[in-house]
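Copied from TrEMBL, the annotated features are:
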type	residues	note
BINDING	6, 7, 8, 9, 10, 11, 12, 13, 124	ATP binding site
BINDING	91, 98, 99, 100, 101, 177	substrate binding site
ACT_SITE	100	active site, proton acceptor
Ligand SMILES: Nc1ncnc2c1ncn2[C@@H]1O[C@H](COP(=O)(O)OP(=O)(O)O)[C@@H](O)[C@H]1O
Ligand SMILES: CC(C)(COP(=O)(O)O)[C@@H](O)C(=O)NCCC(=O)O
Ligand SMILES: [K+]
């Protein structure tokens, strides 16, 4: 049994896949906040994990904690490289690219081969990356994620409150403080994705991450776009299996 892990700066997402399963076909999956890390071993205990593939962008302390918790010594720590699984990486220093971004790009390409893609992963940070139709990771954008954007206003001003995210974009020019913050933050997120799609001439856009549910509904795009849960885990899985995807392509 293969254990896949996407350790981000807010949550740890995981999935269990049987040998030979198509990318995205999980036997079990879940997510925990960093504070609930200790719950993970119980979720994995009865599944007979024989190997693990881990993307971690949340630092060395979490690396060490995961290493102790993962119930196998056959652990591969995923890293961005200059070339992998048919994808070339145009980052100036390929290893500097967040490994979750490289994995997400691989996942997006597995779902939509041969397309000019934008993959937006809306987590602690929002990353918006471009993949060419012939499989080059071109680079991208990093901005504060939706939650971080809203929280930075509450923390650094005297009068602005902490707002909860909402899936509905308030009217562009809102008539109250909470809606004005939501309108501004959602417009910034969606606007960056729309701008990236236009710059790249993308033919498809994949939106993933914990805040995708709020951002994807407000996107105004002339191309096909959709939410894909756990694009990082799909990308990790795609590097270890050649089985065809079950998911419908973009
Ligand atoms: N139930 C939830 N728990 C935590 N974060 C959530 C939840 N629902 C939405 N979010 C949003 O998603 C972000 C976390 O998404 P995630 O993709 O797990 O991020 P990361 O990969 O950076 O850990 C949070 O910053 C928050 O804005
Ligand atoms: C941009 C990120 C912080 C995103 O992390 P996340 O929001 O998924 O927790 C992460 O991919 C990272 O640390 N990247 C390294 C720098 C780079 O990609 O250029
Ligand atoms: K992200």
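Residue numbers in this text run from 1 along the chain shown.
Placement of Cβ uses the backbone N, Cα and C atoms for every residue, glycine included.
Note that TrEMBL annotation is computational and uncurated.
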Just to verify a number: CA distance, residue 8 (ATP binding site) to residue 99 (substrate binding site), in angstrom, no decimals. 10
Highest Cβ count within 10 Å among the binding-site residues 6, 100: which residue is it? 6
Using a Cβ cut-off of under 6 Å to any atom of ligand 2, determine which of the binding-site residues 8, 99, 100, 101, 124 qualify. 8, 100, 101, 124
Chain-internal residues near residue 99 (substrate binding site), provided their CB is under 8 angstroms and they sit 6+ positions away: 55, 56, 57, 78, 79, 80
Measuring Cβ to any atom of ligand 1 with a strict under-6 Å cutoff, which of the binding-site residues 8, 10, 12, 99, 101, 124 qualify? 8, 10, 124
Using the residues the record lists for substrate (91, 98, 99, 100, 101, 177), what whole-number Å value is the largest Cα to Cα distance? 40
Could you check which of the binding-site residues (91, 98, 100, 101, 177) sits closest to residue 6 (ATP binding site), going Cα to Cα? 100
Return the maximum Cα to Cα distance in Å (whole number) over the record's ATP-binding residues: 6, 7, 8, 9, 10, 11, 12, 13, 124. 13
Residue 101 (substrate binding site) to residue 10 (ATP binding site): how many Å between their Cα atoms? 15
Ten-angstrom check, please: count other Cβ atoms within 10 Å of the Cβ of residue 177 (substrate binding site), all chains counted. 13
Expressed in Å to no decimal places, the gap between the Cα atoms of residue 10 (ATP binding site) and residue 91 (substrate binding site) is 25
